[in-house]
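Notes to accompany the following structure.
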Amino acid sequence: MTTTHDSGTYRPPAPGRPDIRQRTLRTDRWWLPPLANALGLATFVVYATIRSLWGAAYYVEEYHYLSPFYSPCVTASCVPEASHLGQWFPALPWFLPYALVSLPFLLLFRLTCYYYRKSYYRAFWSSPPACAVAEPHTKYTGETRFPLILQNAHRYFFYVAGLISILNTYDMVLAFQSTDPATGQTSFGIGLGTIILLINVIGLWLYTLSCHSCRHITGGRLKHFSKHPVRYRIWTGVSKLNTRHMLFAWITIATLILTDLYIMLVSSGTISDLRIVN
Ligand code: FES
């Protein structure tokens, strides 16, 4: 049914959706968070896409720094020293990333993340643009139909992301070494790059462990916490982290870019690594 409203043609909302006739009653700058989110997410997507396909300046051989966008480096195009898990594929065309086995899962892990979903539904889809602001869409099916029903696969990407975080941790541990280019001898070393990699890995673990799926895996489907004290303690810890999940989501976007950018600058010879212990 269509009725006429004083501001023009009025279409009733879809069943189950609130009947808000003004666009919003809010008087604050409600559009600021979705705008900031759109800019932040777009920056990350553009940067990560360009760098993943760049195919250069992703590894510092002397200090064993490997960019997280290239881990694991598994194609014949990779620098052999950067291929910690071996080279599983021949040289790939430019439109396929060297970290072919991890990046699609990491992308899907973030894309289906409960927080990012809220963020990009608001920023790019206006569904809704903000709390108490009417959305432009007349139909609403939530995540009950294809393709959005696939968002429910998030829990499976969580397991893969956990494995990749272990891999990133391994890369970070290797960065506590330095190799003398003259003698080829490897010894313990710490540089600014090591610290940056360490901060990035801590951030990645905080983001991964604060995931809503992790919270469910550790404490979900239990009738009596008292009968599962260990799971209860883990669930309590994960729940505390979970309250900061949005913060970790943004921190890791920043640390991923910073880590890759630093390694790119050192690897290309634009700057030298600041060594703390050689
Ligand atoms: Fe964000 Fe799982 S909810 S990573």
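Cβ atoms here come from the backbone N, Cα and C positions, even for glycine.
Those TrEMBL annotations? Automatic predictions, nothing curated.
Fair warning: this is a prediction, and the values are worked out from it, not measured in the lab.
These features come from TrEMBL:
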- 1-20: region 'Disordered' (REGION)
- 30-50: transmembrane segment (TRANSMEM)
- 95-116: transmembrane segment (TRANSMEM)
- 156-176: transmembrane segment (TRANSMEM)
- 188-207: transmembrane segment (TRANSMEM)
- 247-265: transmembrane segment (TRANSMEM)
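In terms of C-beta pairs under 8 Å, the stretch of 95-116, 156-176, 247-265 lying closest in packing to the transmembrane segment (188-207) is 247-265. For the transmembrane segment (30-50), same-chain residues at least 6 beyond its ends with a Cβ under 8 Å from one of its own Cβ atoms are 24, 69, 116, 119-120, 122-124, 126, 129-133, 250, 253, 256-257, 260. Residues 41, 52-53, 55, 58, 69-75, 77-78, 88-89, 150-151, 153-154, 157-158, 160-161, 164, 167, 211-212, 245-246, 249 of the same chain, all 6+ positions outside the transmembrane segment (95-116), place their C-beta atoms under 8 angstroms from a C-beta of that stretch.
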